[in-house]
Amino acid sequence: MLKLRLAELPEGHAEGGAPLAVPVRPGAAVPDRFAAAAAAAGFNPAHFDSTRGEALRLDGALGGRTTWLVGVRPGPMGMEAAGALTAASLAGEEAPGGRRGVIDARGLPPADVAALAIGAGIRAHRLPHYGATPPPALRRLELLVEDVAANEPGIARARAVLRGAGLARDLAAEPANRLTPPLFVERLWELEEHGIEVVVHGRHWLERHGYGGLLAVGRGSAHPPRLVELRWPGHSGAPPVAFVGKGITFDTGGVSIKGAAGMEAMKADMAGAAACAGAILALALRDSPAPAVAVLAIAENMTGADSYRPGDVLRMGSGLTVEVVDTDAEGRLVLADALHHARGLGPSAILDLATLTGSIVSALGHHRAGLFGNDDALRDAVMAAGEAVGEPLWPMPIGAGHREVLASEIADLRHCLPPGGGGPGWAGKFLPDACHAAAFLRDFAAPEGAPAIPWAHLDIAGMDLREEGREAGPYPLPPGPSGYGVRLLDRLVEDRFEP
Amino acid sequence: MLDIAFAKPTLPESGALVLPLTEDDLGGSLVAEWDRLLGGHVARGISAAEFKGRKGQSATLYAPGGGLSRLVLVGLGKRDALDATAAEAAGGAAVAALGKESLAAIDARALSNGGGAAMPADIALGAVLRAWRFDRYRTTEKPEDKPRLTGVKVLCEDPAAAKAEWASRRAVAEGVFLTRELVSEPANILNPPEFADRLRKLEKLGVEVEVFGQKDLEKLGFGSMLCVSQGSAQPPRMVVMRWNGSDQKKKDSKPIAFIGKGVTFDTGGISIKPAGGMEDMKWDMAGAGVVSGLMAALAGRKAKVDVVGLVGLVENMPSGTATRPGDVVTSYSGQTIEVINTDAEGRLVLADVLSYCKKRFDPAFMVNLATLTGAIIVALGNEHAGLFSNDDGLAQRIQDAGKAVGELAWRMPLGDAYDRQIRSDIADMKNVGGGRAGGSITAAQFIQRFVDGCPWAHLDIAGVAWSGKDSATVPKGATAWGVRLLDRMVADHHEGRAVAAQPAPEPAEEPAALVTGADSASPATLSEGTPASEPLVPTPDAVTRPAEAAAPVPRAPRRPATRRPRR
C-alpha cells in the first residue's frame, strides 16, 4: 500500500533527498530549472514531447537529487497515467530511508493531484508475493502542493479507493490454496473493523433455503461454499444498492474439466466478488452516505466423487429448475442464487460482476467489459462511470433468441448450450455464450411478473487480469489482477445513489 | 415469384381463403360477414380451434363452406400494435399454412382497419418472401411434393392504391431473390466469372455494369485482393455497378456506395479450415450477394438516388500458388499487409475495393457488408449483425432502418487500442490481431485503415446471412439480410434530394465515447526500463506511415488472366 502525504514545503526539504518527479502537461515546456540539466545530459529539452506520456530521468538537476520529467499525455486518463508512470520510474531508485519519492504537483488543480495519486497508488500496489525478493515498489509518496487543505478531500478519497482496489487485487492474486471459500470468508470478516456488517451463510443455511445452484457448484470441493453479505449501512436511509459477485476461488471446470493450458489463471475466477468487496470497503472508508450491500457467492468448482454432473437438474433458490449442460458454466449458477438472494434484500438496483465467459473476450477483447441489463438509465450510468474511471464497458444485447435456445426438455431452462450446439454447419460452432449467460441470469435478476428492479450485469472476463505483453487498460500495470470494477462501482454510487 | 393481384373482397369460388385477424376483430363485423357467406362455419371454427388472434397463432379449417378447400386463420395480435412487420409476418404465416393449395385469397381488411393503405401490399410482400424456394437442383422431386402455390389475391377496399404500393415492394422482393439465389448457388457453379456474368444482367434494369478481370486488377495494383485469388484456378473479378437515379445531374453531388465481400468459396487457403461445416463457405460471398440484390432493388423501383455498388469476387483455395502465412502484399492504397492467416481473406478483398471506391467515386458514405468473422457470432449470435462505424449518424440510420424491416444491427466499438492489435513487425499492418480477443473489432479496424476518412459503416453479417430455420418471411437458407435494410435506409434518407444536401457528414473520427478509455498509452511501457539518462528515442508514429518507404514487395506472380472457369 502506497502511503500518500500532502506537503507545502519547498521541494528542497521534502522527504530528504528522495527523488523528485515533475509532471509536464501537454503543450507545456520543460521548466527552466531543469533545462540546463537536460542539456548537460546531452538532451535537447525541446525534444521532450510530453504528449507521448514518457518519463525522462535527469541526474544532477537539483544538487544530488534525481529528478524525473514525466510527460502527461492528453486525454481524460492522462494525469492518472502520469501518476502511474511516476510510480514505476521512482520504484527503481534506491533512496535513503526506503523507496520513496516526491511529486511536484504545484500549480495543478486538486482533481489532477488526486488523479496523480490514484495512478501512482494503483501502479505502486504490491501484490502478494511468496518469494524471497518481491519486485521493487514505491512505498511512500509525497505530493507537493500549494494548499494542503484544498487537496486533502481528494487525497482522502484516493486513499479509500486505492485501499478498496488493493483489497480486490490482493484477493484475486491469492493462490487458490491460500484462498479457499472458508479462507476467503476469513478475509472478509476483517472488514468489520471499518463498520461493515458481515453476514456469512454456510452450507446448512444454504440447504435450508434451497440454494441449489451454489450448493451444486461447491459440492465437488473439500471446501464448502459460502454466501456472504457485506452491508455498508450508510446514513441516507435509502434502500441499498446491491452488488453481486461471482466468487469461484478456483475453477477447474468440474466434470467438464478445462484444458491444462492457462488453468492457473482460474485462481482469479473470484475477481467479481473481490471487486464487490473492494467497492464496499471504499464506500466505508470514505463514509459514503449511500447504503450498499454486496452479495458474494463463494465456492470452489472441483472435480470430485460428489461433483455435480452434466445432465443434473437443480432446483435453484428462486424455485426454478435448471438443467446442467456444462459444469464449467458454473458462474451463472452461483450468480443466479446470489441474484435471487439480493432481490430479497429490497435493493434500489442490482449490479453483478463476474468473470463469466470466454465469449465476451472474443467479442470485446481486453479493452472493454460487456454490459447487459434491463434498464436503460442504469446502463447509461454504468457506462458513464466506467468511462470516467478508465474502466470502460460496451452495451451488449439480450435478444429473444438468446433466451429461446435455453429451453430445456426436462427443466424450466438450461444454463448454457453444449459446445457446437448452435445448430448445423459452420455458424453452429460459434455460440454467443455471453448473451446466453445474460439471458439466463435475467430469469433470476428480473423474473417475469415480479417487481422490476433495475439490473446490470457486467461480464468482466478479459478485464480482470493484466498480462505481460498484452495491452489493456488506460496505462500499463504489472501482470496480475487489475481490480477492475472497484472504482467503477464507487463512482457509480457517487454519481447515482448518493443524495 | 408468386403472382400477386389485388381485388375487392368477394367470396372466392375455390382454393383457400386466409383470414388474418387481430384480437379485437373476434366477434366483429369482419368475422360476421365471412360467417354469413360460409354458412356459420367461421365463428364455430374459431371457437373450436380456440383461435384468439394472438400474434403468431394460426389455425386451419378444411372445407369451411362455399367452394373453399380451406380457411386459414392468422393471428395479428393487438390492433394498436399493427405495423408493416406484423403484416409481412401474417403474409408469411399464411403461405406456410397453405400446404398444397395452388391459389389463395388473403383478406387484408383487418390489417387496413388498423394500419393503413400500405398493409395489403405488406402482406403480399410477406407472402412472396416466404414462398421463395431454390429448387434448381432438385431433379427427382415428384411434382406432387413440390409446392403448388402460384398466385395470391389480396382482398382489400382499395385495390388500385394497394397495387401502386406493391410496385416498389415487388422490386425489392426481386432484389432479395437475386441475393438469395446467388448465396444459395454452390461454389462449383457460382465462381467469380459466373458471378460477374450474372451481374451483367442488371444492365436490363438500367444499371451500368463494369467488370474488371485479372489483368485489370493487376494493372490497378490490387495486391491485397489478388493475393487471395492467386491460389485458385478461378480468376478474380471486381464488378462496379452504378445506378444513377437522381434527378440532380449536378456534377458535384456525391454518390453513396455499397461494397460487398464476394468470396465464392472459402477453404481458408493454406490456413485451411476444418472439414466440419465447410460446405457453408459457399455463402462467404453473401456480402457481394446483398450488394447485387440491393442494386437490383434500387434500379427495379427506380430509386431517385445515385448509388454505386462494388463487389470483390474471389475464390480462396490452397494450392502451390497460394499465398502463405507470413507473405507481405502491397494493397491498392499503397499500405503493406503481412498475411498472418490466409483465412482472414475477406478483409484483404475489402481493403482494395474500399480504397478504389473512395478514390474513384469519393462517395458521401460507404457501407460494406461481409460474412467476415466467426467472432461476431460469438459476440452477438444470429439475431443481430455487427455494426461498426466511424459516423454516428450513418450508424443510427442503419439501425433505424433495420428495426423497421426486421433486420437488426448492433453497434460494436472501434478504438485505437484495438487498432494497435494489428500492428505488424514487418509491414504496415497484419491481417489478424493476436489471438481471438476482439476478433470482429480488429477486423473492423483493419478495414477502417482503407476508408481514407470517408464516412463508413461495416456490417459483419456472418451470423445473419444464412439461417438454419424458417422464420416468418425468410425460409431457411440464404436470408439476403441487408437488402431490405439498405433499401429502406436509402428510401428514408437518401432519395429525392441531392446527397450533397444531406446534413454534413460528421467528422470521420470515433465519437468521444468510443475513444475514451480505449486509447491506452503504450508509450509508457516503452519508457519504463529505458536506461537512465538516455534521451528517449522518439517512436515512429504508426498512423502516418510512408506508403512507399517499405522495402519493395514482390508482386503476386503473373498468371494467365483469362483462364475460363470450368462450368
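Each residue's number is its place along the chain shown, starting with 1.
Heads up, the Cβ atoms here are built off N, Cα and C, so glycines get one too.
Around B:LYS261 (Mn(2+) 2 binding site), a 10 Å sphere centred on its CB holds 32 further CB atoms from the protein chains shown. For B:LYS261, B:ASP266, B:ASP284, B:GLU345, the entry in TrEMBL reads Mn(2+) 2 binding site.
Every protein chain considered, the tally of other Cβ atoms within 10 Å of the Cβ of B:GLU345 (Mn(2+) 2 binding site) stands at 30. According to TrEMBL, the feature Mn(2+) 1 binding site maps to B:ASP266, B:ASP343, B:GLU345.
Look at TrEMBL and you will find B:LYS273 (among others) tagged as active site. For B:LYS273 (active site), other Cβ atoms within 10 Å of its Cβ number 16.
Taken from TrEMBL, the feature active site covers B:ARG347 (among others). In three-state terms derived from DSSP, B:ARG347 (active site) belongs to a helical segment.
According to TrEMBL, the compositional bias 'Low complexity' annotation covers B:540-553.
According to TrEMBL, the compositional bias 'Basic residues' annotation covers B:556-567.
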What does DSSP call B:LYS273 (active site) in the simple three-state scheme?
coil
For B:LYS261 (Mn(2+) 2 binding site): DSSP state (helix, strand, coil):
strand
What are the other residues, in sequence order, whose C-beta lies within 8 angstroms of the center of the C-beta atoms of B:LYS261, B:ASP266, B:ASP284, B:GLU345 at the Mn(2+) 2 site?
B:VAL228, B:GLY262, B:VAL263, B:MET281, B:MET285, B:VAL314, B:ASN316, B:GLY346, B:VAL349, B:ALA370, B:THR371
Three-state secondary structure of B:ASP284 (Mn(2+) 2 binding site) from DSSP?
coil
Of the recorded positions B:LYS261, B:ASP266, B:LYS273, B:ASP284, which one sits closest to B:ARG347 (active site) when you measure Cα to Cα?
B:LYS261
Starting from the Cα of B:ASP343 (Mn(2+) 1 binding site), work out which of the recorded positions (B:LYS261, B:ASP266, B:LYS273) are within 10 Å.
B:ASP266, B:LYS273
Additional residues surrounding Mn(2+) 1, by Cβ distance to the B:ASP266, B:ASP343, B:GLU345 centre under 8 Å:
B:VAL228, B:VAL263, B:THR267, B:GLY268, B:GLY269, B:SER271, B:LYS273, B:MET281, B:ASP284, B:ASN316, B:THR342, B:ALA344, B:GLY346
Give the distance between the Cα atoms of B:LYS261 (Mn(2+) 2 binding site) and B:LYS273 (active site), rounded to the nearest whole Å.
18
Cα-Cα, whole number of Å: B:ASP266 (Mn(2+) 2 binding site) versus B:LYS273 (active site)?
9
Long-range same-chain neighbours of B:ASP284 (Mn(2+) 2 binding site), Cβ under 8 Å, sequence gap at least 6?
B:LYS261, B:VAL263, B:THR264, B:PHE265, B:ASP266, B:ASN316, B:GLY346, B:THR371
